[in-house]
Amino acid sequence: MENGKKPIVIGVTGGSGSGKTSVSRAIFNQFSGHSILMIEQDFYYKNQSHLSFEERLETNYDHPFAFDTDLLIEHIHDLIQFKKIEKPVYDYAAHTRSDQTIIQEPKEVIILEGILILEDARLRDLMDIKVYVDTDDDIRIIRRIKRDMEERGRTLDSVIEQYLSVVKPMYHQFIEPTKKYADIIIPEGGQNQVAIDLMTTKIGSILTNGK
Ligand SMILES: Nc1ncnc2c1ncn2[C@@H]1O[C@H](COP(=O)(O)OP(=O)(O)O)[C@@H](O)[C@H]1O
Ligand SMILES: Nc1ccn([C@@H]2O[C@H](COP(=O)(O)O)[C@@H](O)[C@H]2O)c(=O)n1
């Protein structure tokens, strides 16, 4: 890094539909023009191109095992050492990685966003600030139905069936317990301007004063 400082890593987690992406984008936008990047844990779902489409539908996408966490950790390590990475691209409709990758140059601020980023101690140890976006289950399922039908190629029946059989139980087993690791808990996510402003001030202070 030009000024000799280590990049800052901010982890943003919470259940599906909690508003993680909205919070992360709001922070990202506050630093537009600065040296900042966003990494989505979803892009590190395991490659399933060797499986048929029907087999991919059976995958539990809310279990830690669904992710290639070793690759994600390797990439965060590289970015912290100011090395560029070749980021995978995920195709939600095909339920596997796309053939494309994106070259991501290192930056001073790294926002890592995803449902299970606080579940692995090795990832937690790389973070300077850990944020949990806390939104009620009923709000999250409503948001998810709308989003998955509009953007992720799912039907209403498939969203409801997946939510009740997998998403909800996995949330309570794996995601909600990681709340205890968070430095900050943000209720309701992207519309919480006070929380976004506090985060922005803190990141700005670390960038300027190192704390
Ligand atoms: N505070 C909010 N109020 C209303 N809708 C929201 C709010 N935060 C997020 N959304 C919407 O809910 C959906 C899921 O939000 P997103 O930020 O993608 O959540 P996550 O990344 O946690 O799954 C998106 O369509 C987003 O526009
Ligand atoms: N092929 C896939 C991959 C993931 N999901 C669901 O995405 C959720 C995580 O993404 P958010 O942006 O909502 O945090 C997770 O709950 C998976 O169930 C999927 O449905 N299909």
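Yeah, the Cβs are placed from backbone N, Cα and C, and that goes for glycine too.
Because TrEMBL annotations are produced automatically, they should be read as predictions rather than curated entries.
For GLY14, GLY15, SER16, GLY17, SER18, GLY19, LYS20, THR21, the entry in TrEMBL reads ATP binding site. Of all Cβ atoms in the shown protein chains, 22 besides its own fall within 10 Å of the Cβ of SER16 (ATP binding site).
According to TrEMBL, the domain 'Phosphoribulokinase/uridine kinase' annotation covers 9-195.
Taking a Cβ cut-off of under 6 Å from any atom of ligand 2, the binding-site residues GLY14, GLY15, SER16, SER18 reduce to SER16. In the structure shown, across all protein chains, GLY14 is the one of the binding-site residues GLY14, GLY15, GLY17, GLY19 with the greatest number of other Cβ atoms within 10 Å. Mean pLDDT for the domain 'Phosphoribulokinase/uridine kinase' (9-195) in this predicted model: 95. DSSP gives LYS20 (ATP binding site) a helix state. For THR21 (ATP binding site), applying a Cβ distance below 8 Å and a minimum sequence separation of six or more within one chain yields GLU40, GLU113.
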